[in-house]
């Protein structure tokens, strides 16, 4: 296996891992997965956590996949990947990179507010609670599903 093939595999695996971790955090099935919304409210570091999960993770994951597709050599992995597939993967990667500039800018420019539509449904409920009950304490009102360990639901 050539160095280019190994590099391609590393980029593709890293991209899939980042997308998987982001999907896990957005789904919010456990207390740990929801913790990015329960850090201290803005303007502290939780805004950074929210931006990473909403824009940074998908942008980084798809960017790594795009670079992996661009670097995919023709007739690689012992002829497993035909030339046509490698060419299409390269074209898809080149087409995807400019599209990622919009979420990248949104992720980096912290003064741009994130619309509620980008949040998962459970996180929108947390945002509504933040707006309805502004708190000095960094803790949000507890929810039975947000306690560590086995619980209801």
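Placed from the backbone N, Cα and C atoms, the Cβ positions cover glycine too.
Any TrEMBL annotation is an automated prediction that lacks curation.
Of the candidate ranges 30-51, 52-73, TrEMBL annotates residues 52-73 with the feature transmembrane segment. Residue ranges 6-25, 126-145 are listed, and TrEMBL annotates 6-25 among them as transmembrane segment.
Sequence-distant neighbours of the transmembrane segment (85-112) (same chain, 6+ residues past either end, Cβ-Cβ under 8 Å): 47-48, 51-52, 54-56, 58-59, 62-63, 65-70, 72-76. For the transmembrane segment (6-25), the residues of the chain that approach it from at least six positions outside its boundaries are 33, 36, 53, 57-58, 60-65, 67-68, 71-73, 76, judged by C-beta separation under 8 angstroms.
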